[in-house]
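Worksheet for the structure shown next.
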Amino acid sequence: MKLSADDKHNVKAIWEHVKGHEEAIGAEALCRMFTSLPTTRTYFPTKDIKEGSSFLHSHGKKVMGALSNAVAHIDDIDGALSKLSDKHAEELMVDPANFPKLAHNILVVLGIHLKPHLTYSVHSSVDKFLATVGYVLASKYR
């Protein structure tokens, strides 16, 4: 999915409000996904995935850090996430069907905490951005 100039502007604008809150947003999005979609827990059988756990916070920070990197390189998301795509496909072997599930929960959390900034057009742009990231991460699966 190609991001328009408006999409890129909208994503960069809302990400200014995400900065400094990546860990909390990521942890909440993961917790919501694991709670509402229990099958997504299978990749973390030995981890404490309860609300507020240190694992959720550290992994949430990683997830949102990768998204922040994609925002910073929004004109070359493929290049920015190439190594992460390799890792997910070859090492972690996460089912790419889970990427849209996490994207949905990230949008939910952004809607809760950044409601005034998540206008209809920004929501649409962030949705397209997250779909693009999911596509890039899944691109190296075979």
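Including glycine, each Cβ sits where the backbone N, Cα and C put it.
Feature list (source: Swiss-Prot):
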{"type": "DOMAIN", "residues": "2-142", "note": "domain 'Globin'"}
{"type": "BINDING", "residues": "His59", "note": "O2 binding site"}
{"type": "BINDING", "residues": "His88", "note": "heme b binding site"}
Separation of alpha carbons, His59 (O2 binding site) and His88 (heme b binding site) (Å): 14
Number of helical, extended and coil residues in the domain 'Globin' (2-142), per DSSP: 110 helix, 0 strand, 31 coil
CB within-chain contacts under 8 A for the residue listed as 'O2 binding site', separation at least 6: Gly26, Ala27, Leu30, Lys47
Around the Cβ of the residue listed as 'heme b binding site', the count of other Cβ atoms that are within 10 Å: 21
